[in-house]
Amino acid sequence: MHHFRYHGDELFCEGVSIETLARRHGTPLYVYSQQTLTDNFRRLDEAWAGVRHLPCYAVKANSNLAILRLMADLGSGFDVVSGGELLRVLAAGGPADRCVFAGVAKTEEEIVTALRAGIHCFNVESEQELERIDRLAGDLGCVAPVAIRVNPDVEAHTHAKITTGTYENKFGIPFDQVEELYARAARRRNLWLRGVQMHIGSQLTRVQPFEDAVRKVAPLVQRLKDRYGLEFFDIGGGLGIVYEEALASGDPAWWQTPRGRRMLTPELHAARLVPILKPLGLRVLLEPGRFITGNAGILVTRVEYIKKTGRKTFVIVDAAMTELIRPAFYDAHHEIVPVRRSKAAMVECDVVGGVCESGDYFCKDRPLPLPRPGDLLAILSAGAYGSAMGSNYNTRPLAAEALVHKNRSALIRQRQPVEAIWQWERPAPWQR
Ligand code: LLP
């Protein structure tokens, strides 16, 4: 469910018209709904009420400070994957002791930053990393809280680029090596074995892979808990969202349709996993990213040109893969709707950006009411892995971002000034 709706023929985010926002802030523009973000967080949190738990919002999905502040206000923890993300959470007023730090390549500097900040836990991905954390904690005279990331070797049945829990992937410690590694870790002086972590993949739309992974790992977690007195089991993120019928899924009635009923909801996810997890007597950590922000954001773009080539109709817009790379990178489907509905004839269109790459498209051969230059389009379900994966390729400034709360809106990131892109570059001295 979300709060992007037509009132008459005009698309709104909560009580604010998208056209007004585009006029005020220009395009390309990300627009987020605070109510949707809040509802998504609370819905997930309530679904897990049957067991002690802490949702740790996956910052990588959308790391805007205003969104992090909102999550902190809602009581969320944070899953960070770099020193930069940790510093962002702190800058937004988030608590360090609710941050878990994942990632296969943590540098010494990042580990020291996290130790000094006093994070909840490092989710450790290799034995060498464990040694490094132990040594650096020793140098600082502190004890480092750690969990080992288990790779359960379970197929997540999602896109290959976002599957993480099989032995084909670089993540975690192979299931059958985990017990040994805990034993070795327990002999180190500066480590505090605090939990176990896993994450099998992203955009999962079936509960079965989650269940398979949790069932497989739970007995191991029980043994480790008995031996080392662990506190938590972090089962990662991955809950999928609706992309194909994104607009319709904003309506509660859609969830009663055959398609809606087949979607994975947080209620179903929790209902199937809590019975397996509860007997462990551990706090359950969750790392939802996409579920929180995905359908809470849209990318608003203006049509620059229409080009008909005989074979294709290209709708050329001012957003590009630099703002939203998911279609180019994963062939991901994002629904595209006009910001003002018209009676225009439906035409099969390729909506494309202006970046010099043939892969720079938002959709191919999709029937859309043919827009005119100057019209606004909304690319839906863009709140997760949209802005966060933005880049400056082709020296394109990072897009502006606005947050809507009821009838109010605020610019939560100004459009990057173009000079800022080369701010840290300079000619070599011999070129002067
Ligand atoms: N925890 C860990 C350890 C992760 O690696 C991820 C995502 C999450 C949690 C959050 O997963 P979520 O709940 O958002 O599915 N850029 C891709 C997604 C990459 C996901 C990477 N890891 C996309 O646009 O689909």
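Positions of Cβ are set from backbone N, Cα and C atoms, glycine also.
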Candidate sharing the pyridoxal 5'-phosphate site with G238, E287, P288, G289, R290 (per TrEMBL), from Y167, Y182, Y361, Y385: Y385
For E357 (substrate binding site), the number of other Cβ atoms found within 10 Å of its own Cβ: 14
Where P288 (pyridoxal 5'-phosphate binding site) sits in the secondary structure, as DSSP reduces it to three classes: coil
Lowest local Cβ density (other Cβ within 10 Å) among binding-site residues: G238, P288: P288
Distance from E287 (pyridoxal 5'-phosphate binding site) back to C356 (active site, proton donor), taken between C-alpha atoms, in Å: 36
Inter-residue C-alpha distance, G238 (pyridoxal 5'-phosphate binding site) and R326 (substrate binding site) (nearest angstrom): 16
Neighbourhood of Y385 (pyridoxal 5'-phosphate binding site) by C-beta distance under 8 A, where only residues 6 or more apart in the same chain count: K60, A61, N62, G289, R290, G294, R326
Pairwise Cα distance maximum in Å, substrate-binding residues per record: R290, R326, Y330, E357, Y385: 27
